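> Attaching a single structure in structure tokens format; questions to follow.
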């Protein structure tokens, strides 16, 4: 018999209990009863083994053992969450029937939304959602989804490049912000030029002398929104627009002349930086903005009307330019990079000592960003790659509408003591108090227009008045009592009107028509329909946005039309033929706009606001045409109809076009609808110029094709900023960029709203929808400011509060004052 112990089955009782490795989700482990955090460095030797000398040391504080997080559902814009938000299951089952393999979206671990942050969440959600929608298309869903998926990954690669540059390259994040700011300053939000011709002002695209910034022998640097018209001999011709701010004689940049100026610019900036007097040089440079650098070389006129009638542009051409916009831009960048070796040889051969000294100094101090900027600046002056591009407008047009003439009442004009009014016996003032569309005024056949020619005999055209000039003031009095039917008769100031003396409703114009109710003199509403002696209409108010309306119109109990309104504008001039303007009098004074001078329903001398009782108050406007109008007054949107006096065959030259302050509606992808024989101040998106239709008088183009429009613009503000940055003028650079931000505030408004929408979207769909609804109805800084304050984005809130209300033009006096302040401060220190 063996003396060895009998083998036993291993159980929990007889098994040697040795410490087992316990794995936690975070990667840590327990050693000696202490939870140790996971090591981030290289794992060498025996892990978590205490030395003999350390065993006598007191143990550290025990770390709590982490618990595995419970899996949560994916939210909107997160990887793995199907898009769109609604109808995904229905689209999936419907798409599975004709295309079973390409219906369900499946991204896997390569979902671009996994690396998204900030604005990238919005971009990747849109691109990936577009990919998912492509998969729902029957039969061809799979190949289309594959192509769209490749495009989404390409967009993600570009975003990764931007993220790497902003997070790793020193100073690149600020440079991207600077480029975004300069892109906002390229084409202004509203730019148009005015020419004075034979006593009338009219719109043009020709640059005035005040828009010319710098002149070379074969090139002109000018402000955006115009094209130079140069007189050579006995004829004037338009120069070729290379960029929105540079025009040349023959479409080629004169490299020799520009390189001389770049040589001087870089050399002086390098000297200031090397001597550590950058702010001193920058302040002197800013003060020098008050003086002219070079004499005039060319005779610029305004007799060409460059690109005012570009011809018909289809939506296909616009879409083609948009698709082709990236390829020439890439070619332009690559061409400039490949041109650097030749540029270095040209520097040495051409003895450009300023550029060479700048490159040498910036290389020695290790400022490679400035070296690259100087190289690209010198190599880019002979680039001949041009880009034609555009952007689509985001607007909608509602073509359906009902003209509502109202109920039938026989109306006839009567002349009493030289004043025309409606026959009192034909009207029923009690029935007319119903202001709905069912009980309006009368049908066309119920009006006898035999007296209209005599009634309108006292009305005059805008061309019959003298031209105004100088600053605009306001008149104190008003026009006659019984002749408000002509556009040029200024109304009296509004006050309190007894309700018993009014027949029908009282309409006031904001410019949208609104009906004013009866109240007592203290403002408390009454409901006796004006039967009491104490019922009145309180109409005294001021012009929007400070007040409620521009003016009011009603009919008194004897059939006469009465009006009141804000004080009209006095546009200047001498003699007895001057005009007190109650509407937009652009052709007599460019500063007389409707928002500044409007005193009633007249939007222009041809058009007035259409409302249900228009044919009662203005019966001779029965043949006016109706146009859809959208306006913004004080940041508030107004959608209304305008009745315009326009007949086919009338002359509509540039001298005959009025100005209309509209945010026009779209007729097509490339056309806006404006009032007949007028123009709106919004320039075309691609060129920054005014483009009108030559044959159709109520069409203006939102997209235009210039001679050769480059995507990169050169402005004098950029030249000043480049000099200040190269010269290390830190204080002057900050002041100059503050001026640029204030100048670009109008273009930054939409950018601020987009940024606030992105911030709200990162906190969920509900917050995004709430922000969208408020931003749709409330314009201004309140909604983005509330979002920034709610989510704690205090730097953006401070930036938003620092922006001015309106974008003011950057003039030389402001720049010189900033430079003078810095110069005095340096001398005092």
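Even glycines carry a Cβ here, placed using N, Cα and C.
Pulled these from Swiss-Prot:
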type: COMPBIAS; residues: 7-16; note: compositional bias 'Basic residues'
type: COMPBIAS; residues: 58-73; note: compositional bias 'Basic residues'
type: DISULFID; residues: 429-552; note: disulfide bond
type: DISULFID; residues: 452-459; note: disulfide bond
type: DISULFID; residues: 486-494; note: disulfide bond
type: DISULFID; residues: 503-508; note: disulfide bond
type: DISULFID; residues: 564-569; note: disulfide bond
type: DISULFID; residues: 581-585; note: disulfide bond
type: DISULFID; residues: 597-620; note: disulfide bond
type: DISULFID; residues: 607-644; note: disulfide bond
type: DISULFID; residues: 652-677; note: disulfide bond
type: CARBOHYD; residues: 196; note: N-linked glycosylation site
type: CARBOHYD; residues: 209; note: N-linked glycosylation site
type: CARBOHYD; residues: 234; note: N-linked glycosylation site
type: CARBOHYD; residues: 305; note: N-linked glycosylation site
type: CARBOHYD; residues: 417; note: N-linked glycosylation site
type: CARBOHYD; residues: 423; note: N-linked glycosylation site
type: CARBOHYD; residues: 430; note: N-linked glycosylation site
type: CARBOHYD; residues: 448; note: N-linked glycosylation site
type: CARBOHYD; residues: 540; note: N-linked glycosylation site
type: CARBOHYD; residues: 556; note: N-linked glycosylation site
type: CARBOHYD; residues: 623; note: N-linked glycosylation site
type: CARBOHYD; residues: 645; note: N-linked glycosylation site
type: REGION; residues: 2-23; note: region 'Interaction with STAT1'
type: REGION; residues: 2-59; note: region 'Interaction with DDX3X'
type: REGION; residues: 112-152; note: region 'Important for endoplasmic reticulum and mitochondrial localization'
type: REGION; residues: 544-551; note: region 'CD81-binding 2'
type: MOTIF; residues: 5-13; note: motif 'Nuclear localization signal'
type: MOTIF; residues: 38-43; note: motif 'Nuclear localization signal'
type: MOTIF; residues: 58-64; note: motif 'Nuclear localization signal'
type: MOTIF; residues: 66-71; note: motif 'Nuclear localization signal'
type: TRANSMEM; residues: 169-189; note: transmembrane segment
type: TRANSMEM; residues: 359-379; note: transmembrane segment
type: TRANSMEM; residues: 726-746; note: transmembrane segment
type: TRANSMEM; residues: 758-778; note: transmembrane segment
type: TRANSMEM; residues: 782-803; note: transmembrane segment
type: TRANSMEM; residues: 814-829; note: transmembrane segment
> Which one of these disulfide-bonded residues, 503, 552, has the sparsest Cβ neighbourhood, judged by other Cβ atoms within 10 angstroms?
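Looking at the disulfide-bonded residues 503, 552, the Cβ with the fewest others within 10 Å is that of 503.
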> Of the residues in the region 'CD81-binding 2' (544-551), how many are helix, strand and coil by DSSP?
0 helix, 1 strand, 7 coil
> Of the recorded positions 452, 508, 552, 556, which one has its Cα closest to the Cα of residue 652 (disulfide bond)?
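It is 452, whose Cα lies nearest.
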> List which of the disulfide-bonded residues 452, 459, 607 have their Cα within 10 Å of the Cα of residue 620 (disulfide bond), in sequence order.
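Those close enough are 452.
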> I'd like to know which of the disulfide-bonded residues 585, 652 has the most other Cβ atoms within 10 Å of its Cβ.
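That would be 585, with the most Cβ atoms nearby.
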> Can you give the mean pLDDT for the region 'CD81-binding 2' (544-551), rounded to a whole number?
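Averaged over the region 'CD81-binding 2' (544-551), the predicted model reaches a pLDDT of 85.
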> Write out how many residues of the region 'Important for endoplasmic reticulum and mitochondrial localization' (112-152) are helix, how many strand and how many coil, based on DSSP.
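In the region 'Important for endoplasmic reticulum and mitochondrial localization' (112-152), the DSSP-based counts are 33 helix, 0 strand, 8 coil.
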> When you put residue 494 (disulfide bond) at the centre and draw a 10 Å sphere around its Cα, which of the recorded positions 234, 452, 564, 677 have their Cα inside it?
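Qualifying among 234, 452, 564, 677: 564.
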> Determine the most Cβ-crowded residue among the disulfide-bonded residues 452, 569, using a 10 Å radius around each Cβ and all protein chains in the structure.
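The residue with the most neighbouring Cβ atoms within 10 Å is 569.
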> Out of 234, 540, 607, 623, give those recorded positions positioned within 10 angstroms of residue 645 (N-linked glycosylation site), comparing C-alpha atoms, in sequence order.
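So the list is 607, 623.
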> Give me the non-local Cβ neighbours of residue 607 (disulfide bond): same chain, 6+ apart in sequence, Cβ-Cβ under 8 Å, ordered along the sequence.
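Sequence-distant Cβ neighbours: 624, 627, 642, 643, 644, 645, 660, 675, 676, 678.
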> Non-local Cβ contacts of residue 597 (disulfide bond) (under 8 Å, 6 or more apart, same chain)?
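Listed in sequence order, they are 472, 568, 569, 581, 582, 583, 584, 585.
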> Work out the three-state DSSP category of residue 607 (disulfide bond).
strand
> Near residue 508 (disulfide bond) in space, meaning Cα within 10 angstroms, which of the disulfide-bonded residues do we find among 459, 552, 564?
552, 564
> Please give me the recorded positions out of 305, 452, 459, 503, 556, 564 that lie within 10 Å of residue 540 (N-linked glycosylation site), comparing Cα atoms only.
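Within 10 Å of residue 540 (N-linked glycosylation site): 564.
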> If you measure residue 552 (disulfide bond) to residue 234 (N-linked glycosylation site) at Cα, how many Å is it?
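Here the two Cα atoms lie 53 Å apart.
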